[in-house]
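Some features that Swiss-Prot has for this protein:
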type     : residues : note
DOMAIN   : 253-317  : domain 'EamA'
MOD_RES  : SER207   : phosphoserine
TRANSMEM : 69-89    : transmembrane segment
TRANSMEM : 101-121  : transmembrane segment
TRANSMEM : 244-264  : transmembrane segment
TRANSMEM : 269-289  : transmembrane segment
TRANSMEM : 297-317  : transmembrane segment
TRANSMEM : 328-348  : transmembrane segment
TRANSMEM : 362-382  : transmembrane segment
TRANSMEM : 396-416  : transmembrane segment
TRANSMEM : 421-441  : transmembrane segment
TRANSMEM : 453-473  : transmembrane segment
Amino acid sequence: MVPPRLHRGAGRPGGLSSLPPFGLGSARFAGIAFEDLREALATRLQMVYVFIMNRVNSQSSGFSQRRRMALGIVILLLVDVIWVASSELTSYVFTQYNKPFFSTFAKTSMFVLYLLGFIIWKPWRQQCTRGFRGKPAAFFADAEGYFAACTTDTSMSSSLSEPLYVPVKFHDLPSEKLESTNIGTEKTPKKSRVRFSNIMEIRQLPSSHALEAKLSRMSYPTVKDQESILKTVGKLTATQVAKISFFFCFVWFLANLSYQEALSDTQVAIVNILSSTSGLFTLILAAVFPSNSGDRFTLSKLLAVILSIGGVVLVNLSGSEKSAGRDTIGSIWSLAGAMFYAVYIVMIKRKVDREDKLDIPMFFGFVGLFNLLLLWPGFFLLHYTGFEDFEFPNKVVLLCIIINGLIGTVLSEFLWLWGCFLTSSLIGTLALSLTIPLSIIADMCMQKVQFSWLFFAGAIPVFFSFFIVTLLCHYNNWDPVMVGVRRVFAFICRKHRIQRVPEDSEQCESLISMHSVSQEDGAT
């Protein structure tokens, strides 16, 4: 009996193996080892898992958007509580130390504390010491577009090259030569059980798919690591953040200075109500300079803002005659601050579309630095013009300013900007309306202020306009007012339906004979 030959080369017809029937651990098919096939299959399964996860992430984007909206609303509610407490503390400070410019300058300069992140936070130091964006950005330049395509594109076009057919030379393989030396005594060839093609088809991927070929050789954890690197690379550098902070430093300072001037002239409740008019300016600016779908202009949003403005007018009319002059000046400062706040949030959201691209603490840190370096000459200007005499506060007032600056400015502004990124610029500005009931309660309890019925009549529509706009943005810019207007217009201007008369059937002709079609169906 002739022993079965040891077959370790290519799968030539007639070759047998000494391994068990299912022991394919070292088998070779058409010049490809089974280990290579198994490794390629495992890699392909890993990449398929990546594609499936990307599809799942794209399908769950609606759920994540709702979570972002809910988190943003909670953050804005917390900011409202902090702002009301900060406003009451500021109002108390102004009774003993009425220096709005000094208070604003001191609070804004405290943003410099965020720059301590360059000492504590290692990624910030890497951006300055090693040029963090250099090598990874060049190495994974095309990968960002690849991951974006995985989540947005629904079909991958197979743009392979034209097929090239090359004959397979089984006898030229080194394994075949080794086989011929070991089993040269065999003279009777066995009947072929597996027939292989003598021609192999070769297709080449285009250069645009080179990244996919590279990723197919990477494990799933490695792909996830590179994806996290891409997110880090997508962040703005320290230089870019500093440039943005330099521009918004002046706008932010003017907005806060206007708010502080208003607090020094009138009650906290009136200031907060008038400051909520920033929703009108935000709606107009966001319609002109939209940053996302949540900033789209709708008729329902316009009516909600008009409702808020109507309430503001009633609140302004509720002021007493004794303090009418100061209330008017405070109202003007409040409206100016509302306008600057709208410019600030709309422009920064247009400049930075996602919150993960901007390091918010770094942004505010540079804002405080530029404020400290560039705006100190304002003390001399206001002192010599007589608008605000420079005077250093006492220890109690200084302690109140420091506490108010750390919590009411440094922390609250960070949370507010984060909440605006999670929701929309309009919701972020209209969130100021929620300070109305809290400030009313605080003024009535702490300062014993009595408000007229006009004040409450105006506070209610301003308060509810925030919830109206939130619902409209939550339901994908739902515009019920426009829908109602269209239905009313269609009801009024509807046309009578054209009724067919018997003579119309004579003028109708079927292009396809229904009788012939039915006969063909019956025949089949």
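Cβ atoms here come from the backbone N, Cα and C positions, even for glycine.
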Which value does the mean pLDDT take for the domain 'EamA' (253-317) in this predicted structure?
77
Same-chain Cβ contacts of the transmembrane segment (101-121) under 8 Å, 6 or more residues past its ends?
90, 93-94, 128, 252-253, 256-257, 260, 361-362, 364-369, 371-372, 375-376, 378-379, 382, 388, 390, 393, 401-402, 404-406, 408-410, 413
Check the transmembrane segment (244-264) against each of 69-89, 297-317, 328-348, 362-382, 453-473 and return whichever range has the most CB pairs under 8 Å.
328-348
Quickly jot the same-chain residues contacting the transmembrane segment (453-473) by Cβ under 8 Å, restricted to those at least six beyond its ends, or write none.
69, 73, 269, 273, 276, 279, 294, 298, 300-301, 304-305, 307-308, 310-318, 423-424, 426-427, 430-431, 433-434, 436-437, 440, 479
Take the transmembrane segment (362-382) and find every residue of the same chain, 6 or more past its ends, with a Cβ under 8 Å from one of its Cβ atoms.
101-102, 105, 108-115, 117, 124, 238, 241-242, 244-246, 248-249, 252-253, 388, 390, 410, 413-414, 417
Recorded stretches the transmembrane segment (69-89) and the transmembrane segment (396-416) touching, at least 3 CB pairs under 8 Å:
yes
With pairs 6 or more apart in sequence, are the transmembrane segment (269-289) and the transmembrane segment (396-416) linked by at least 3 Cβ pairs under 8 Å?
no
What residues in the same chain, six or more past the boundaries of the transmembrane segment (297-317), come closer than 8 Å to it by Cβ-Cβ distance?
270, 273-274, 276-277, 279-280, 283, 286-287, 327, 331, 426, 430, 433, 454-455, 457-465, 468-469, 472, 477-482, 485
